[in-house]
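As recorded in TrEMBL, the features of this protein are as follows:
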TRANSMEM  6-26  transmembrane segment
TRANSMEM  81-101  transmembrane segment
TRANSMEM  107-124  transmembrane segment
TRANSMEM  155-173  transmembrane segment
TRANSMEM  185-201  transmembrane segment
TRANSMEM  207-225  transmembrane segment
TRANSMEM  237-254  transmembrane segment
TRANSMEM  299-323  transmembrane segment
TRANSMEM  335-356  transmembrane segment
TRANSMEM  362-383  transmembrane segment
TRANSMEM  390-409  transmembrane segment
Amino acid sequence: MHKRRIIIISFLFYLIAIDYAVLYHYQNQTHFQRYPNSFAAAVEFYEKDYFPKEYLSLSSLFMEKPSVSNLPRSIASVGDLIYYFPALATMISILSTISGLSIRETILIPLGSFLLPLVLLVTIKNFIMKNEPILYTLLYIYFITYLMNHKAFKAAYMAAYTYILFFIFLLLVHKYILDDRSPSKILTLLILLLLSFPLWWHSMTMIVLFLIIGTFIVTLLLYPIHNTPPIVIKTRNLLLVSIVLTLTFSKIFSTSNYLTEFINRFSAEYLSNLYLSRINGKTPSPVIFSYTSTTLGKIYFYSHMLLHVINVILIIISIMFAIKHIHTQRLDSKSAFHISMVGGAIIAQAIFSSAYSLTALGLWYVPLVFPLVSISLVSSCTIPKKQKQAIVSALFILITLSTLLIVTAHESYELGALSLTRFNDINPSYEWILNYVPPNTQFYTDFNLFGKYLQWEGEYKILPLELRRFTPKNYELVINGKLKTNLIIDCKTMTRGLPIHSYGGRYLLKPELEVISANSNLNRVYQDGSICVFLEIPS
């Protein structure tokens with residue numbers, strides 16, 4: 001494929017990604033639900049001195065978390081978001097100051113759609129051999145189409161920054177291992193990156209650590225076949241630095257029982273129970289909404305699963321090429337390292353799936369790392385024409401499936417996760433609560449509204465109520481009339497048959513507005529186009 005044509009195609013998909021992010025994700029605030037909502041409020045409160053300055057100080061890495069017991073419970077609960085993610089809070093504050101936008105408006109910027117494609121372009125170009133332009137181009141298009149529906153492209157929140165840093169990390173690792181020019185300078189940059197990950201997002205810290213562990217293990221196994229002490233030494237250096245920095249600077253280890261819980265995930269009993277529960281298809285609660293209950297949701301689910309299967313097949317093909325390459329040709333340093341990366345990605349995925357089995361992050365490496373390392377390995381080997389055509393076909397299928405994910409998510413309100421109530425829709429009910437609700441009144445609401453009310457409190461005035469979030473457990477009690485409490489309900493979203501957001505477990509809750517309205521223990525005292533307020537009727 002001609003170099004000029006590659007540039008034109010790559011630039012075209014880059015523009016498409018930006019247009020989609022601005023015209024759809026930004027306009028509809030698709031990634032301004034749940035935690036991004038609450039995070040915006042937390043930064044507002046921090047800037048108004050509700051939280052101690054130590055929350056964003058480097059000294060907080062080595063000290064106990066300052067007490068905020070004097071704050072209302074709802075406000076204190078979001079303080080952890082900036083305490084555990086100080087780099088993100090600092091970056092949002094800086095961007096807000098420079099741009100003149102509010103914290104909320106700053107987070108809404110689809111920053112990842114502007115920067116991540118550029119980083120991917122350079123990283124893929126570094127990994128893939130120059131004599132394979134078709135593989136390089138198709139892999140880049142796949143990444144763009146897959147990420148167009150990903151949170152990394154939707155807003156200037158966690159994934160946008162950490163995914164950019166992750167692919168820069170892969171680029172630097174590749175250069176550090178295989179390029180003998182200025183290795184000390186590249187290692188310094190890698191150390192700075194490894195130091196930054198715990199300050200951004202503890203999950204990305206573990207993603208990087210597991211990949212380094214897996215790569216080092218395979219490098220050691222390859223050593224008898226390919227005697228390359230420099231590669232072993234360099235991967236060992238990366239592993240030691242990563243472990244030390246993770247344990248030293250990650251607040252999630254120093255201030256919680258996360259490490260104990262993490263280790264327990266690898267017990268035989270836990271893994272067997274997890275496997276059996278997945279096989280039996282257990283549902284945590286009858287009030288939890290499953291997007292697979294809809295036609296579009298089913299299409300999305302099976303398309304996503306097939307995409308994962310194709311990526312696994314690609315990595316299996318690359319391993320077969322590697323085995324054949326080892327038996328027929330001398331293994332050079334680049335091929336040896338690419339084999340280590342492929343094996344490392346598989347090991348990392350196995351560890352990560354167990355450690356993060358209760359979250360939506362379980363198969364993180366499969367769509368994002370597997371295709372890059374497998375295609376890079378294949379491109380460093382001699383590829384027969386038929387096998388190359390099969391790989392090209394697989395990449396076309398991945399692009400098609402990624403496009404299908406975009407369409408189905410768009411047409412299904414982000415699989416039900418897109419709440420229709422926006423920040424400005426809260427204003428009338430906020431004013432009503434401020435004027436008519438007695439102090440210290442307790443209300444339950446969904447995770448999305450919880451963050452939006454806190455944003456109003458952060459930007460204007462604290463409400464005289466104690467706001468709590470729905471979980472599947474307490475929402476089920478409310479629906480069954482077993483929990484008597486006051487409610488703030490997203491009527492606009494529920495009326496359209498869309499679910500609401502739960503706190504904990506990344507769950508969506510079924511829209512049961514009619515059941516709530518029919519509850520004889522509740523009295524609807526307020527309603528506008530978006531919000532309904534129900535007060536408990538005294539016994």
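Cβ atoms are placed via backbone N, Cα and C, with glycine included.
Note that the structure is a prediction, hence the values are computed from the model and not measured.
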Leading stretch by Cβ pairs under 8 Å, where the reference is the transmembrane segment (335-356) and the options are 185-201, 207-225, 299-323, 362-383, 390-409: 207-225
Cβ-based contact of the transmembrane segment (299-323) with the transmembrane segment (390-409), 3 or more pairs under 8 Å: yes
Same-chain residues at least 6 beyond the ends of the transmembrane segment (155-173) whose Cβ lies under 8 Å from its Cβ atoms: 25-26, 29-32, 35-36, 39, 85, 87-88, 91-92, 95, 106-112, 115-116, 119-120, 122-123, 126-127, 147, 186, 189-190, 193-194, 196-197, 200-201, 204, 207-208, 238, 372
